[in-house]
Amino acid sequence: MDSKIDYTQQEELTHGDNPNHVSEKATPLRSSREDNLTWREVFTWRVNLSILFLGIAYAQTIGFILFCSILVSEYQKSFGAASNATWIPISHITAATVVFSIWGRWSDIVGRRYVFLAANVFSVVGSVVGATASSSNQMIAAGVLSGIANGANQLSTAAMLELVPNQFKPYVMGFWALSGLPLQFAPLISGSFIADYGVGWKGCWWLMLAIAATTFIGLLLVYFPPKGEEMDQNEELKHGFKYELMHFDWFGVILLAGSLVSILLGLQWGGQQYPWDSARVITCIVVGGVGLVALAYWEYLSIPKIPLVSMELIKMGRAFVIPCTTIAFSAMGYYSMNIIWPIMISALFTTSARTASYYQMASPSATLAAAFVYAPIAKRVKHYRWQIVFWSLFQGAFTAAMAASDKDSRVMSTVFVCLIGVGLTGLQLNAQLCFTTQIPPRLLGSAFGLSGCFRQFVGSIASAVYITCLQNELKSNLPKKVTPAALGAGLPQSSLPSLFGAISSGDPSAFAAVSGATPSVLAAVTDAAKEAYSESFKTVFLVSIAFASVCTLSSIFIKSFGTENTDNHITLKVKVVGEDEAEKVTIRKLDL
């Protein structure tokens with residue numbers, strides 16, 4: 001009689017020097033021949049469709065953040081310049097930062113399917129609120145709702161990667177980066193809605209509604225991942241949803257949310273609505289900082305039954321904490337391109353909205369091109385840690401090189417922006433791949449949630465640093481450069497206050513109200529203002545060297561994966577039915 005073979009899988013445990021020990025507890029093995037899996041076997045129709053709709057979910061995150069931020073001037077035109085429209089992007093970023101780690105943890109506990117479905121309900125509702133808004137307060141609500149959705153939809157990376165074996169993960173990472181292609185054109189889309197079709201900015205939110213509804217329906221029909229292993233490996237999580245709801249670390253959630261909101265408000269207020277040394281700004285930042293310290297002590301000492309922050313992850317220094325640090329500080333380049341580059345375009349190169357939108361496409365286009373070729377190059381080069389170090393140096397070098405920009409460097413600056421996008425793509429994809437392949441699947445959602453929360457938080461700090469630095473430099477450089485140029489061209493001394501008011505407004509028509517502003521005066525002032533902006537941008541980009549140094553230093557200590565990983569094994573227990581003996585074989589997990 002032929003023997004039947006039953007394959008089971010478990011994590012390899014260290015028991016002294018006994019290499020033959022096999023734990024009794026085992027879980028089903030997805031495939032007994034991972035080394036020989038073909039593309040057709042891995043990428044089934046359900047997996048392909050799941051990856052597609054998860055990619056659309058990620059594209060949503062790009063659309064929401066861009067439509068919240070790049071349309072602020074249009075919101076002000078609709079609701080009035082005195083409205084609080086500037087709080088729309090702030091509300092979105094704050095909400096996403098706060099819920100990132102919460103969504104991630106719950107995706108491990110109840111399963112990612114339900115988290116993504118719930119998130120896309122928020123997407124649909126937020127899109128409807130935005131598309132029908134008649135006040136800035138309603139738009140702020142849309143920003144909050146879409147931010148809550150974004151916090152979950154950015155977990156699509158983890159959801160995609162866990163669907164395929166390690167050898168196919170680089171290709172999935174490349175597709176994930178490419179999936180944002182359509183909404184990377186958000187500046188052009190919004191410009192066309194407003195200028196060409198008369199739909200207005202609300203058309204952008206109706207578009208997001210269609211995308212959100214498509215994502216929800218698609219995931220509802222095809223996305224059925226296995227429930228998080230946390231339920232199988234933690235006794236506290238085997239008592240049902242009611243028990244999980246009651247014993248989840250809600251106090252930790254309150255501490256985290258309150259602390260992050262407090263700090264982010266302080267960072268957004270500082271240098272904008274209030275001076276940095278004002279009581280409101282200082283109080284917000286100090287209270288938020290104390291709250292984060294309290295959260296750390298709570299998680300470490302209290303040990304809730306179902307904690308918000310897994311101490312197991314925090315103890316994975318080289319496999320998780322250091323890659324997260326590298327990713328977060330590499331995002332400084334991303335934020336410099338999204339905050340400083342648009343200001344550079346309008347201040348140095350062009351005042352045409354349509355031409356400016358083309359310049360703004362430089363970074364997204366380069367990012368997408370890099371993502372397209374990422375997988376085959378990364379797999380061939382291997383040595384992923386050193387790839388990260390290289391891309392960190394590459395990105396940091398060209399970010400610092402942007403300090404050489406001036407009014408005549410539009411080609412050079414645009415090329416540098418493209419190269420920064422390439423470096424950022426290579427760095428982040430490799431870093432995410434490193435910690436994804438070394439974290440237990442039961443903690444994958446928590447890992448991406450914490451990583452995303454930290455990245456958003458550090459990004460907010462970067463935004464505050466860049467904007468504050470730019471404003472301080474302009475306060476010094478504009479009077480120093482513009483005043484002598486204007487007076488030398490014949491502008492009366494008494495017209496200087498109104499001249500600087502026109503410069504601050506950014507509206508070319510405002511110069512018509514300046515007494516004595518002849519064409520020759522305006523030409524001299526324009527050249528002087530561009531020179532002042534160039535000097536100010538130079539300081540900002542030199543400041544970025546500090547962030548790039550932290551990124552590069554941390555990347556050196558990342559734990560890579562591949563042939564040097566000797567602790568990343570699985571054990572197969574082969575049971576021969578009908579016989580007394582069992583052959584035990586240890587094989588390596590699939591290496592890239």
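Cβ from N, Cα, C; glycine included.
Annotated region 'Disordered' per TrEMBL: 1-28, in sequence order.
According to TrEMBL, the compositional bias 'Polar residues' annotation covers 1-11.
The annotation domain 'Major facilitator superfamily (MFS) profile' is assigned in TrEMBL to 47-563.
What TrEMBL records for 49-72 (among others) is transmembrane segment.
Sequence-distant neighbours of the transmembrane segment (84-103) (same chain, 6+ residues past either end, Cβ-Cβ under 8 Å): 64-65, 68-69, 72, 75-76, 115, 119, 136-137, 139-140, 142-148, 150-152, 154-155, 253, 256-257, 260-261, 264-265, 268, 272, 308-309, 445-446, 449-450, 452-453, 456-457, 460. Feature annotation from TrEMBL assigns transmembrane segment to 84-103 (among others).
Note on the transmembrane segment (139-161): residues 50-51, 54-55, 57-58, 60-61, 64-65, 68, 75, 79, 84-85, 87-100, 102-104, 107, 112, 115-116, 118-120, 122-123, 125-127, 129-130, 133, 169, 172-173, 175-176, 205, 208, 212, 215, 223, 225, 432, 436, 444-445, 447-449, 452 of its chain, located 6 or more positions outside it, place their CB under 8 angstroms from a CB of the stretch. Per TrEMBL, the feature transmembrane segment maps to 139-161 (among others).
Beyond its flanks by at least six residues, the transmembrane segment (173-193) meets 51, 54-56, 58-63, 66-67, 70-71, 74, 156-157, 160-161, 199-201, 203-204, 207, 211, 353-354, 357-358, 360-361, 364-365, 367-368, 370-372, 374-375, 425, 429, 432-433 of its own chain at Cβ-Cβ distances under 8 Å. The transmembrane segment annotation in TrEMBL covers 173-193 (among others).
Taken from TrEMBL, the feature transmembrane segment applies to 205-224 (among others).
Under 8 Å from some Cβ of the transmembrane segment (245-267) lie the Cβ atoms of residues 90, 93-94, 97-98, 101-102, 109, 236, 280-285, 287-292, 294-295, 298-299, 304-309, 453, 457, 460-461, 463-464, all in the same chain and six or more residues away from its ends. The transmembrane segment annotation in TrEMBL covers 245-267 (among others).
Look at TrEMBL and you will find 279-298 (among others) tagged as transmembrane segment. Sequence-remote contacts of a segment are chain residues at least 6 beyond its ends whose Cβ falls under 8 Å from one of its Cβ atoms, and for the transmembrane segment (279-298) they are 251-252, 255-256, 258-267, 269-270, 309.
Residues or ranges marked as transmembrane segment in TrEMBL: 319-337 (among others).
Same-chain residues lying 6 or more positions outside the transmembrane segment (357-376) and placing a CB less than 8 Å from one of its CB atoms are 170-171, 173-174, 177-178, 180-181, 184-185, 187-188, 191, 337-338, 341-342, 345, 349-350, 410, 414, 417-422, 424-426, 429. Per TrEMBL, transmembrane segment is recorded for 357-376 (among others).
A Cβ distance under 8 Å defines the sequence-distant neighbours of the transmembrane segment (411-431), meaning residues of its chain 6+ beyond its ends; these are 170, 173-174, 177, 323, 326-327, 330-331, 333-334, 336-337, 341, 344, 359, 362-367, 369-371, 374, 378, 384, 387-388, 390-392, 394-396, 398-399, 401-402, 404-405, 551, 555, 558. The annotation transmembrane segment is assigned in TrEMBL to 411-431 (among others).
Here the transmembrane segment (443-467) has long-range neighbours at 93, 96-98, 100-108, 112, 115, 151, 154-155, 157-158, 161-162, 228, 230, 260, 263-264, 267-268, 270-272, 309-310, 312-313, 320, 323-325, 327-329, 331-332, 334-336, 339-340, 432, 435-436, 540, 543, 547, meaning same-chain residues at least 6 beyond its ends whose C-beta is under 8 angstroms from one of its own. TrEMBL lists 443-467 (among others) with the feature transmembrane segment.
Annotated transmembrane segment per TrEMBL: 540-558 (among others), in sequence order. Note on the transmembrane segment (540-558): residues 318, 322-323, 325-326, 329-330, 332-333, 336, 340, 385, 388-389, 392-393, 395-397, 399-403, 405, 427, 431, 434, 462, 465-466, 469-470, 473 of its chain, located 6 or more positions outside it, place their CB under 8 angstroms from a CB of the stretch.
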Q) Cβ under 8 Å to the transmembrane segment (205-224), counting only same-chain residues 6 or more beyond its ends: which ones? A) 46, 49-50, 52-54, 56-57, 59-60, 63-64, 67, 113, 116-117, 120-121, 123-124, 126-128, 130-131, 133, 142, 146, 149, 153, 159, 183, 189, 199
